[in-house]
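**Student:** Before I ask anything, here is the structure I am working with.
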Amino acid sequence: MFAKATRNFLREVDADGDLIAVSNLNDSDKLQLLSLVTKKKRFWCWQRPKYQFLSLTLGDVLIEDQFPSPVVVESDFVKYEGKFANHVSGTLETALGKVKLNLGGSSRVESQSSFGTLRKQEVDLQQLIRDSAERTINLRNPVLQQVLEGRNEVLCVLTQKITTMQKCVISEHMQVEEKCGGIVGIQTKTVQVSATEDGNVTKDSNVVLEIPAATTIAYGVIELYVKLDGQFEFCLLRGKQGGFENKKRIDSVYLDPLVFREFAFIDMPDAAHGISSQDGPLSVLKQATLLLERNFHPFAELPEPQQTALSDIFQAVLFDDELLMVLEPVCDDLVSGLSPTVAVLGELKPRQQQDLVAFLQLVGCSLQGGCPGPEDAGSKQLFMTAYFLVSALAEMPDSAAALLGTCCKLQIIPTLCHLLRALSDDGVSDLEDPTLTPLKDTERFGIVQRLFASADISLERLKSSVKAVILKDSKVFPLLLCITLNGLCALGREHS
């Protein structure tokens, strides 16, 4: 809940800026000005960098005499109160305007974040540059030695942070109401319900998290470029990348790079610059769909019992954001040749732990012995296919995963994949196409419309066709929707 609140906060106040959301409340105390942070770039363009806080400050690793305390500039940042609600019935407000929805049943998830008045603390950069002149970093420091051994890691220094001024509360309220006699309702979080044979079931769940004063909710860093002799410079200009001199950049993967080649999307745009093409963004998505069919082929080739079991776990993940948030870093660790930590598993409930272990076993990973991860080439390919889908799901907007899960229950995922392939250059598909027949149903189309809207695609049903329009500044969400739909479709594909 804390991670969701901080992400929503930055989405509102610093959407295109350099601030980074704090995802774990326990990390707040570690975020001191001039603390050293490592930034690890990940494999696919949509994955956000991974930051790790070191138990050192910049002054701790300099060879010269004691480093002076930084000059800190403090200012009021903003008084922030955000309220976010997802409605299954009624009107959905999007950047496209109002999208009318007409669904059976109703569901509302409301998350309210009230951080109140926030304080910004930042280092005086000009003074920091003057204080750092002619100084060198001790690259023999044991902690930095471990950083140097890492793959694609960049050393950064924390130069600004946003903190709360008073105690605040983050609350999440969930109400689920399902029409059991017809359409499948939408659940955006796992809630235990007792359904009657043909009636309405309502269950409320309230969760409150208290945040103490002086809690850091966001921070900013500057990358360092470190030379072989320990001299360093601050990367102040956008586009200037940090790193270590003569350290060869390699794929941030532990497995055979050939396994990744099909997934690299070399021709796809970087996530930061949006989807663009001379033929238009819809054309890019259609090209991606053709490539994705090949990428997810290992799913379609699985024996039916294994495919069904893996599909069931993915559907459980779609309705369980806590499990999804743990599953991605576990896959990250396995890619790097690391075993999942006991602490990570301890964050999960017993049923979630069972699903996680079952997932890893189904994709060929062993948690026993000295070498974690898949062993043979076939298992590596299967694991990477699963990791590919997990990483895309993890970066989807809030509620999109649950909407995908609802579409799985309605068995319309193949219909949506076909819709993307069948779109004309101007974004129109004929509803007389037999495969698109489910979209004639008003309730089903409303759910699909909301799913596409969450991925910055406006979907409008005309008299005998469907028209799709991608937002001008949509960035990577349409591509992520394309990836997740194709992955789930491959898992549900019938064996020939």
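Note that Cβ sites are derived from N, Cα and C of the backbone, with glycine treated the same way.
Features from Swiss-Prot:
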- Lys120: ubiquitin cross-link (CROSSLNK)
- Lys189: ubiquitin cross-link (CROSSLNK)
- Cys45: S-(2-succinyl)cysteine (MOD_RES)
- Cys156: S-(2-succinyl)cysteine (MOD_RES)
- Cys168: S-(2-succinyl)cysteine (MOD_RES)
- Cys180: S-(2-succinyl)cysteine (MOD_RES)
- Cys235: S-(2-succinyl)cysteine (MOD_RES)
- Cys371: S-(2-succinyl)cysteine (MOD_RES)
- Cys408: S-(2-succinyl)cysteine (MOD_RES)
- Cys417: S-(2-succinyl)cysteine (MOD_RES)
- Cys489: S-(2-succinyl)cysteine (MOD_RES)
- 1-56: region 'Membrane targeting domain' (REGION)
**Student:** Determine, to the nearest whole angstrom, how far the Cα atom of Cys235 (S-(2-succinyl)cysteine) is from the Cα atom of Cys417 (S-(2-succinyl)cysteine).
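**Tutor:** Per the Cα atoms, Cys235 (S-(2-succinyl)cysteine) and Cys417 (S-(2-succinyl)cysteine) stand 43 Å apart.
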**Student:** How many Å separate the Cα atoms of Cys489 (S-(2-succinyl)cysteine) and Cys156 (S-(2-succinyl)cysteine)?
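**Tutor:** Each residue's Cα considered, Cys489 (S-(2-succinyl)cysteine) and Cys156 (S-(2-succinyl)cysteine) end up 41 Å apart.
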**Student:** What's the CA-CA gap between Cys156 (S-(2-succinyl)cysteine) and Lys120 (ubiquitin cross-link) in angstrom, rounded?
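**Tutor:** Spelling it out, the Cα of Cys156 (S-(2-succinyl)cysteine) and the Cα of Lys120 (ubiquitin cross-link) are 19 Å apart.
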**Student:** Return the member of Lys120, Cys168, Cys417 nearest to Cys45 (S-(2-succinyl)cysteine) in space, with distance defined Cα to Cα and candidates limited to these recorded positions.
**Tutor:** Cys417
**Student:** What is the number of other Cβ atoms found within 10 Å of the Cβ of Cys235 (S-(2-succinyl)cysteine)?
**Tutor:** 17
**Student:** Can you check what DSSP calls Cys417 (S-(2-succinyl)cysteine), collapsed to helix, strand or coil?
**Tutor:** helix
**Student:** By the count of other Cβ atoms within 10 Å, pick out the sparsest of the recorded positions Lys120, Cys408, Cys489.
**Tutor:** Lys120
**Student:** Out of Cys45, Cys168, Cys417, which of these modified residues shows the lowest number of other CB atoms within 10 Å of its CB?
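**Tutor:** Relative to the other modified residues in Cys45, Cys168, Cys417, Cys45 has the fewest Cβ atoms within 10 Å.
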**Student:** What's the CA-CA gap between Cys417 (S-(2-succinyl)cysteine) and Cys408 (S-(2-succinyl)cysteine) in angstrom, rounded?
**Tutor:** 12
**Student:** What kind of secondary structure is Cys489 (S-(2-succinyl)cysteine) part of, going by DSSP in three states?
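**Tutor:** Its secondary structure by DSSP: helix.
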**Student:** Rounded to an integer, what is the Cα-Cα distance in Å between Lys120 (ubiquitin cross-link) and Cys168 (S-(2-succinyl)cysteine)?
**Tutor:** 17
